[in-house]
Each structure stands twice: as structure tokens, then as C-alpha cells.
Amino acid sequence: MASALFMVVLLAMASSVVLASDPSPLQDFCVADKASPVLVNGLVCKNPKDVVAEDFFFQGLNKAGNTKNKQGSNVTAVNVMQIPGLNTLGISLARLDFAPYGLVPPHTHPRATEILTVIEGTLHVGFVTSNTQNRLIFKVLNAGDVFVFPVGLIHFQFNPDMHKDAVAISGLSSQNPGLNIIADQVFGSDPKIDRGLLAKAFQVDKGVIDYLQKQF
């Protein structure tokens, strides 16, 4: 009886792991019908008879993104919103452009692991393990180097060169990875998180929180 119960628990755990990522397709493809009003976990399928090559196509990833912003970086996403044919396939892509000293600030992808390769320049990259270790895993990457960011963990990419641009390509294990930029969410939420709460959480004066919230 005990061994049978163990097998049931084991199978339940295995099933939960399988279901923790994007669902597997049950047909050749399920091109997203973005005009459909029906709400599902993902996107409704277009009639296969109406599917065309353009549903699986994106053009322009060879073009640099505009990095003239506060962070000096730009992310060109290629997910299911750009390629409807990615629906149910559990994968997407992004181009990352960095101006000199440009940064993709600490963020998470709640639904995807990310694998990044540097195409041009040098990047400082890293992720932080979950509580209670909070260990920084850090690496300097050059052109041709590859690095993986595990799903859900806070990570960043930074161009340390003050004179040269950098370019990278990332693959992500979801058609819609999601993006949580930590500072934006903590200090730029709508409505604002109570400054007393944040002051206690970060162990700083309320004036510091006031200043930070005004930046977002």
C-alpha cells in the first residue's frame, strides 16, 4: 500500500513538472488569432485553412534597436505577438542592443528560461539565486559566448565598454515569457506602494523612497 501511494505521489509530481511550462501542441500548429474575443490560456487558433507563410515570419532582426533612453539599451522581442505561428510552440527570441555603458536592468521572465549569445562586444551578465542564499552568479561574456538565465530568477545584462556598442541574441522557452523589471514594479506601481512599507523593507529613510518613486 505504501509503495503504491509513493508511486501516485511520484506521478503527480512528475505531471506537475510537465505542466509547468507552455502546453505542448496537439496539432501541427495553432497560429494565433489575435482578433478573437475569446479568452484562453494563450491565444485562440486561426482556421488552419487561413494560415499563410507570413504567420510564421518576422523581418528586421538585423536592424539595431534605438538605445537613446535612460538605460542605453533596447530589446526587440520576437514572440507570439510578432509571429502568430509561435502560439503553443513554447519558444521566442529577442535581440538586445546596448549603447556604450548600456544596461538591461535587473528583471525576471516569470514563464521562461533564457539562453543568450553575444554577437558583438562585451557584456557583464548575471543572475541571483532565490532566498535565502541570494548568491550572485556572474560572468563576463565576449562575442560567441553563451550564458543561461534560469526561469524566474532576477538577472541583468550590462555593456561595460564606454566607447563601443554591444549586441546579443536571446532565446526564451515560452511564446510569451513575460517581463518584470524590478525597479519599475517596486517603485513605479500604480497605485504606489506605501512609502513606509518600502522604507521598512529596504531599511532606508522615507525620503529616499519618495525620491525613487518620483523617478518612475
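Each Cβ is built from the backbone N, Cα and C atoms, and glycine gets one as well.
Copied over from TrEMBL, here are the features:
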- HIS107, HIS109, GLU114, HIS155: Mn(2+) binding site (BINDING)
- HIS109, GLU114: oxalate binding site (BINDING)
- 59-210: domain 'Cupin type-1' (DOMAIN)
- 1-20: signal peptide (SIGNAL)
Number of Cβ atoms other than its own within 10 Å, given for HIS109 (Mn(2+) binding site): 24
Sorted by sequence, non-HIS107, HIS109, GLU114, HIS155 residues with Cβ within 8 Å of centre, Mn(2+): THR108, ALA112, PHE127, PHE149, LEU153, ILE154, PRO177, LEU179
